[in-house]
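To start, the structure itself, in structure tokens.
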Amino acid sequence: MAPPTRIGLAGLAVMGQNLALNIAEKGFPISVYNRTTSKVDETVERAKQEGDLPVFGFHDPESFVQSIQKPRVIIMLVKAGAPVDQTIKTLSKYMEKGDCIIDGGNEWYENTERRAKAMAELGLLYLGMGVSGGEEGARNGPSLMPGGSFEAYKYIEDILLKVAAQVPDSGPCVTYIGKGGSGNFVKMVHNGIEYGDMQLIAEAYDVLKSVGKLSNKELHCVFSEWNKGELLSFLIEITADIFGIKDDKGDGYLVDKVLDKTGMKGTGKWTVQQAADLSVAAPTIAASLDSRFLSGLKEERVEAAKVFKSGGLGDVLTEQTVDKARLIDDVRQALYASKICSYAQGMNLIREKSIEKGWDLKLGELARIWKGGCIIRAIFLDRIKKAYDRNPDLANLLVDPEFAKEIIDRQSAWRRVVCLAINSGISTPGMSSSLAYFDTYRRERVPANMVQAQRDYFGAHTYERIDMEGSFHTEWFKLNEIILVP
């Protein structure tokens, strides 16, 4: 009989398989299990082909659990919701006090907190661990966000430190996030920031293509060039790659044949809902979600285009002659400035939740573990980490002295791009809402006094004054009558 393995993994879809192979490759013998047993055999076969890695497959849950050394640690990578509860039920039957279950899926953080309580009653430890980086990251080094039982984290810290992406100047992209469902919450907001990032890049592409008339070849060069500077990131890199890929089923470039309809799994929606619950403004992330909703109305948009074309409205309203080189530079600056706003919103959301739940999350440390492995990895995250190193209580990334200077330097270009897009009838909801966020945040006085006056007028909601303490209510209607009567 084989000696017990160090860890187990249940759920062998692409992410699960890749993470299991990554763990085995780092020298940790691993047991694997899947309800559909063909997946188990497939994983064991891959392990053989990829260097005879120590992966041991089991077709039934009992022998799977028994094969792992005590205290047992099992990672689940199954679909969020009911399948997680089902897997826990199946496995916990054979587990003993002190054993640990880790959910590596994109789970709603409150579900993790509920399960942790239920597990604790059985004497089991529980972790909710965000895993970012897609299948490539899972295989070669993801960004890992474990939250929950610190004791459980300590069981497998040595594994996670080796399995996570390694960044030369800042170490492995994993840290103990905090208590409860904090690991899932942080991963959720990471995904919300990712929505914002992707939308902003799509808008940059749209302006350059629709107004600047850049070809895919030119766009490939532009994004490749951008990926050498301040925008250096995984998403800019893959965008450059996408522009270079010819259609394998026809003429031209593949990107032009992809249907303009975006799917979503739900984490972006959760992020926007949480922002609303916590009264945190996250307009860039919300705009990216709205854009996905609108993209889904493909048939309606096709009909609307006909209506407005017959009324004389083309795709692009004004065929403006633009200086390509200047436009490319302006769009680069607008993209960077908008991106700062998107990350600022995400960080504020994490901070507010941390305060509400008493999680004591370290924002600079989150920026550090996102520097490698994950989808939003970018050189820019190092700047965010340093901003929080300089001031852990930073109210907003926008007011960090370095980021403030960068935004001031770029705001003219940013405004030019948004104005050009608006005048051309090209929607840039992400860039526009980022700019509106910045312009609202930097103003000492905003027109909220009018909204508050309206609220008091029709609903007696009261208001505060700038010149004296206290709460006031005015009979605006009666005063209005007095003023109007001669």
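Any Cβ shown, glycine's included, is placed from N, Cα and C.
Those TrEMBL annotations? Automatic predictions, nothing curated.
Fair warning: this is a prediction, and the values are worked out from it, not measured in the lab.
Marked as active site, proton acceptor by TrEMBL: K187.
Annotation comment: TrEMBL describes E194 as active site, proton donor. The Cβ neighbour count for E194 (active site, proton donor), using a 10 Å radius and every protein chain shown, is 22.
According to TrEMBL, the NADP(+) binding site annotation covers G11, L12, A13, V14, M15, G16, N34, R35, T36, V78, K79, A80, N106. Within 10 Å of the C-beta of A13 (NADP(+) binding site) we count 14 further C-beta atoms, all protein chains included.
Taken from TrEMBL, the feature substrate binding site applies to N106, S132, G133, G134, H190, N191, Y195, K265, R292, R455, H461. Counting every protein chain shown, the number of other Cβ atoms lying within 10 Å of the Cβ of H190 (substrate binding site) is 24.
Annotation source TrEMBL lists domain '6-phosphogluconate dehydrogenase C-terminal' at 183-477. The average pLDDT computed over the domain '6-phosphogluconate dehydrogenase C-terminal' (183-477) stands at 94.
Here the binding-site residues are K79, R292, and the one ringed by the most other CB atoms within 10 angstroms is R292. The recorded positions considered are K187, H461; of these, H461 has the fewest other C-beta atoms within 10 angstroms of its C-beta. All protein chains considered, the CB of T36 (NADP(+) binding site) has 9 other CB atoms within 10 Å. Taking the Cβ of M15 (NADP(+) binding site) as centre and 10 Å as the limit, one finds 21 other Cβ atoms among all the protein chains shown.
Between the farthest pair of Cα atoms in the substrate binding residues (N106, S132, G133, G134, H190, N191, Y195, K265, R292, R455, H461), the distance is 49 Å. Put simply, M15 (NADP(+) binding site) is 18 Å from H190 (substrate binding site) when counted between their Cα atoms.
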